Structures are given as C-alpha cells and as structure tokens.
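For reference, the structure discussed in these notes is given below.
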Amino acid sequence: MIIDYGLSYPSGTATATLINGFHTPQGAKEAKEQVKTLGRYSLVSFLWGLFKWFYTAGDDCGFESFPSLGLEAYERKFYFSFSPIYVGVGMICPYIINVSILLGGILSWGLMWPLIEKKKGSWYPATAKGSDLHGLQGYKVFISIAMILGDGFYNFVKVSLRMTKAFMAAAKRRSTLPVSGSSDGPARSLDDDDLRRTEYFLRDQIPMGVALAGYVAVAAVSVGVVPKIFPQLKWYYILAVYGMAPVLAFCNAYGMGLTDWSLATTYGKLGIFVFGAWAGASHGGVIAGLAACGVMMTIVATAADLMQDFKTGYLTLASPRSMFISQVIGTAMGCVIGPCVFWLFYRAFDNVGLSGSDYPAPYAVVYRNMAIFGVQGFSSLPKHCLTLCCVVFAAAVVINLARDLAPEKVSRFIPVPMAMAIPFYLGSYFAIDMCVGSAILFVWEKVDKAGADMFARSVASGLICGEGIWSMPQSVLALAKVQPPICMKFLSRSTNARVDAFIQTLSSKT
C-alpha cells in the first residue's frame, strides 16, 4: 500500500513532516518554543481544573453548572461549561466541524425536542421518565443513531467505490519498482530520497509467517477467552469475526490511505446488527452484538492506525520492525494501564456512563440502543420515531452528497452530518466551548497569522492535557472520599420563581 500503490495516508504524512522538521536547526528551535508553550498552558489548564474543583461539593455546583446564557437556555443544554478541554478541541477542529456541532444542537435541543415534547401523551406515554426509551429519550437516541448511520453509510459507499476504482487502476498499471523485481508495466520514477526510504523500509520487514502465526494465535486466545467474559458471545461468533476481519481490515486500511477516514465504527455497527440478530433476543443478542462490535472494531481500527504509523516510519527512515515491536509493547502496557484507569474512574465517580454524570459516555448509550434495535427491530421505537429516523438518515446522505458535488467555495459552508449528530443526545454545552475556541483561533489568525500557525496547536494541546491530567488526582481524591469544600450554586428556575414571588410580595406591601 505504501510503496507499490503509493497511498498518501495524510495524517501519517503530516506527522512525518512535523517530525522531520524537528531535525533541522530552524525546526528544533521552533519545537523548543512549542514545547514551552505546551507546558505553560498545560499548567494553566491544570490549575483551572483544581480551582473549579473547590466549588463542586454537591450536585449542580460549580462553574460547569453556570447558566451563562440564561435559565431557559441552560435547561436546553445551551451554556458555556468553562472547560479548557473543549476550548482546546475547538481550536484544533476545523471551523465547519464546530459550527456543525452547534447547528446540530440548535436543531435538536432548540427545535426538535421542544416540539416533540409538546406531543407528550399523544406520541409517547405521559408517564415516560427521562431515561425511558419509549419516551422523549427514545427520539433523542434513535434519531441521532439514524444520522450517524446515514453519514456512515454514505462514506462507506463513497470510500468503497473510490477504493475499488483506485485498486483496479493500480492493478492494471503495476509499478516496476527497483525493489520489486518486476519488469512489466510503466515504472514509477523515484528520486534519491524515495529510493533511500524504500531501502530502509524493506530492510527490516516482518516475515509473513510471523504475521499469520500471530493472527492465528490471537484468534485462538480470543476464541478461548472472550466467551468466558461474555457468555452470550459463543466461540463460533468469535471465529466468524476473525474470518471476516482481514477483508474488512484491508478495506479500512486502503480507504484510510486514500481519504484519511477510518470506517472502523461503521464496520463495528455492521457487527452489532449481524451478530445481534444471529444470537437473537432470547440468547443475549444485545451483549453478543456489542461484544462482537468491540472485537471487530479493534481489529479493523488497528490495521488502519498501524498503516498510518508505517507511513510515518517510511517517511522518517524508521524501521518497520522496531515500530511494530513498539506497538506490541505499548499494547501490552495498555492491557494493564487501561483497566486500572477504568477501575479508578469507576470507583471514584458515581454513575460513570450515565446521563448527567461527570463522564456520561454518550456513545455507550448510542451503541447499546443500536444493539436493542438490531435484536428487537422496529417494535422498540416510539410512535413516528421510525419516520423521523428515515428523514434524518436521508438528510444525512443528501447533505454529504451536496458537500461532495458543490464547488469548494460552497461546500466548505455545508455542515457535516456526523458532527451534527453528536449533540442530539448530549446537548450543545460543549459546542459553545468549542466555538469559543474557534473564535479565539480566528481572532489570533487575524492579528498574528504566523504566531497562530506556529503555536495554536501547542496552546490547544496544553489546554486539553492540563485538565485531562487533573482528572487523575481528582479521581484519587474522590476515591479517598475527599470532598470539595464549597458548593457554588446558581439560581435554578424554581428558586428564581420563588425569589420573584417574594419580591412581588414586598412590592405589594410597599
């Protein structure tokens, strides 16, 4: 893929360009300044996280519960959450992504959900609680799923068609590279740098026998171990996943090389529906679908990510064997560190993964309900929800098609459906923060374009890292039952109404 077909792998190429820039005198100087900026803003973000913690002694306390845009907007999830992480992410993400997320929040929480709420008692039971999928929650979850599936379906078809066309064209004109020994077809000209990269890259190849033996060994371990963890996922389901995965992994790795777009989540959703329906509702189809999705996504995503890294290694004259060994070591460390971090968060914070908690894990809800939908079918949807889902699915396809067909001057203003779907379930509070990050970057680029180009990503990364690092001592404090000293509460709607009533009584007496 890297040498014979010359796939670009844009993210891997960009990373290699950055790394190569560090090894020039000018690049080293710039890198030193960027590291200083990263450390400075990481410290600022860390201290801000510590400062916010002091005011969160109870529920709905602290700056993250501040109704900055008013009480009505706060109840509709429109407020600034004072999160350096989201501000930093907004500085990194393209403007259209941040605007798309905000637009999705406005369409859902500002328009669709209030209108559907008025149908309470008609479209869904009036007694339905907030988390009931047969109530308003069902519309939020399944409509967001429909938009995600529509976007994924369109990109899957687009990447598949593009990949097939490119693969067939490349097969017809197979390159006669000096390293391949083939003499048929036109030769692709290579400069001295490419020749040297190719020589280094092929010097430490991983033997095919090792790769096949490793895959068979991992498959055997999975077949034996995963059903012990998830009894609903039978051993032959795992065997089927490992039989399908190489083809899907190749497609995903090839597609990422062309478009920089990983479709691992799309293949995972395919696993949810296939294996969930295969197991059936009476045999734990929901758990089986989710577990199969996890296994398939891991294989397919790893293939594409590893190819990105190999592209970086190819351009930086790194040994692919040493890179692969480093990946194995990192994976082994992750097998220990990942569960430990999860256990720490699970024990330290209440209701991890539930809506309204510090860590709501929104995609967990989305994927679980995909599994329910795959097993139970349309009967699990509330009234008119299927019609709305079809409309949103079609809208996602049409919007994507418009983005691809419109001229560049127009397409860059058309929103991205996948980004629009994210706030359908969560709300727009993080979109507000991300748009603040975009505004900061926009003003910075207008005032000092060169400075923004050099330091904007360092500032953004520092904001993200600092508060992220603070979450670790915060979880330790929570695990040790150390509570913040202050609960800074803001007036709720009910409290505000009582205050207004009290003021009115005073004014009537006077």
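Yeah, the Cβs are placed from backbone N, Cα and C, and that goes for glycine too.
Where the annotation comes from TrEMBL, it is an automatic prediction and has not been curated.
Quick look at what TrEMBL lists:
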- 85-116: transmembrane segment (TRANSMEM)
- 136-157: transmembrane segment (TRANSMEM)
- 206-229: transmembrane segment (TRANSMEM)
- 235-254: transmembrane segment (TRANSMEM)
- 286-307: transmembrane segment (TRANSMEM)
- 328-349: transmembrane segment (TRANSMEM)
- 385-402: transmembrane segment (TRANSMEM)
- 422-444: transmembrane segment (TRANSMEM)
Contact between the transmembrane segment (422-444) and the transmembrane segment (136-157) (at least 3 Cβ pairs under 8 Å, separation 6+): yes
Contact yes or no, the transmembrane segment (136-157) and the transmembrane segment (385-402), 3+ Cβ pairs under 8 Å, gap 6+: yes
Leading contact stretch, 85-116, 286-307, 328-349, 385-402 vs the transmembrane segment (206-229) - CB distance under 8 Å: 286-307
Chain residues in Cβ proximity to the transmembrane segment (85-116) (below 8 Å; excluding those fewer than six residues from its ends, i.e. six or more beyond): 45, 76-78, 123, 136, 139-140, 143-144, 412-417, 419-424, 427-428, 430-438, 440-442, 456-457, 459-464, 467-468
Cβ contacts under 8 Å made by the transmembrane segment (286-307) with residues that lie 6+ beyond its boundaries: 1-2, 9, 12, 222, 226, 229-230, 232-234, 237-238, 241-242, 244-245, 248-250, 252-253, 255-257, 262-265, 267-279, 324, 327, 367-368, 370-372, 374-375
